[in-house]
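J.: Pulled from Swiss-Prot, these are the listed features:
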type: BINDING; residues: 114, 115, 116, 117, 118, 119, 120; note: ATP binding site
């Protein structure tokens with residue numbers, strides 16, 4: 001049974017969140033009555049309002065109004081006044097992933113999972129299915145530049161979603177095709193152990209029906225190990241690995257662009273197909289790997305090589321994924337969501353490969369628990385930056401953990417051998433340091449999942465103000 005349109009008003013607690021806003025927008029576009037609340041004003045909240053969705057700021061019981069269904073995410077505490085009011089009114093309380101699964105049930109669905117790279121890969125799959133005229137529904141964990149939003153309500157049979165593993169609810173998603181980009185020791189506050197993370201991803205793949213398939217990156221040892229344990233589902237492997245079914249090779253870089261080839265080898269038919277001189281308007285081998293996952297799916301769905309090439313070349317990227325925010329005196333400034341050591345390392349490697357000058361990393365640690373679990377990894381992930389500036393920790397509601405703060409991280413990075421790492425406190429410190437020692441052709445890269453994106457967007461304007469007139473060069 002499909003969820004009836006006359007189910008009543010659906011209320012989203014935390015509707016401005018990147019995961020919730022896309023689901024709310026698609027339900028609204030499909031004709032359902034949608035409203036919600038969030039703690040603060042944001043670009044997502046404003047976008048939803050422009051579409052006609054009523055959004056309250058602040059969480060109060062009266063915000064529910066005449067709601068008949070209440071949707072919440074793991075971030076919503078059970079002490080939330082709206083959650084309590086919904087319980088008292090005996091309204092259905094639905095987890096975010098269950099609502100996403102409801103959208104997927106009556107479509108052919110692709111779920112993109114993995115510890116890192118999900119958002120970019122989801123966007124790339126969407127771009128190639130767009131190019132192939134599939135007109136998909138898309139719900140992503142980041143703003144897709146081509147759409148100006150994190151969702152798309154297409155009329156086609158296919159749906160592409162980002163599968164968030166952070167709270168384990170991605171196992172509820174009914175996917176016909178499952179992608180796993182990588183598996184790392186992340187979200188241990190939920191899983192408790194790395195073995196539990198491994199088990200969850202195995203279940204994610206094994207949930208694929210017999211007529212579907214999994215797309216697994218065998219450049220990552222954990223994913224290659226997972227591929228070896230799947231014996232009752234069709235698996236397509238990808239990566240730079242010479243044994244991959246869909247392999248990328250012959251990379252060449254031109255600033256922020258990458259050229260490469262892809263070799264597709266079918267284990268079913270033995271047939272080989274080469275896609276030559278593909279252009280990806282992004283830097284970084286990790287992004288080429290993400291693109292290769294999308295190519296594997298597009299090829300399997302019968303999209304022509306020409307349309308794959310076109311879709312890839314026209315890919316507009318994702319907000320906060322190595323996004324250029326501006327420049328000043330030839331210094332290029334970028335914003336990236338990377339907050340895990342693996343992500344930080346990949347972004348800085350891409351910056352190093354692209355920059356003609358030095359790389360200056362400005363990192364905002366995200367959550368004390370992540371620092372605690374991955375302290376040694378954080379100490380070793382900044383090697384491709386000439387200078388590292390560490391900001392105060394963005395706590396995301398957590399209490400500090402003694403011995404695992406920003407000052408301790410700075411000392412730990414120094415002890416691991418980095419030659420120039422410093423503690424900073426605010427944007428004023430960044431303006432002062434960058435204006436004094438950065439030079440033309442240097443890259444300044446902001447990293448973090450917290451509010452550091454505001455610094456990244458503000459810095460070009462602040463620096464241009466030092467000249468007494470606006471020399472800001474926007475993207």
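Count begins at 1; order follows the chain as displayed.
Glycine is treated like the rest: Cβ placed from N, Cα and C.
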J.: List the same-chain residues at least 6 positions away in sequence whose Cβ sits under 8 Å from the Cβ of residue 117 (ATP binding site), in sequence order, or say none.
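T.: Spatial neighbours, sequence-distant, of residue 117 (ATP binding site): 181, 182, 286, 289, 290.
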J.: Counting other CB atoms within 10 A of each CB, which of the binding-site residues 119, 120 comes out lowest?
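T.: Result for the binding-site residues 119, 120: minimum number of other Cβ atoms within 10 Å at 119.
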J.: Other than its own, how many Cβ atoms are within 10 Å of the Cβ belonging to residue 116 (ATP binding site)?
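T.: So the number of other Cβ atoms within 10 Å of residue 116 (ATP binding site) is 23.
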J.: Return the residues near residue 115 (ATP binding site) by Cβ distance under 8 Å, restricted to its own chain and a separation of at least 6 in sequence.
T.: 165, 181, 182, 183, 184, 186, 340, 342
J.: Determine which residues of the same chain, besides 114, 115, 116, 117, 118, 119, 120, have their CB within 8 A of the center of the CB atoms at the recorded ATP site, and list them by sequence.
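T.: Output for this site, in sequence order: 112, 121, 181, 182, 290.
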J.: Give me the count of other Cβ atoms within 10 A of the Cβ belonging to residue 114 (ATP binding site).
T.: 25
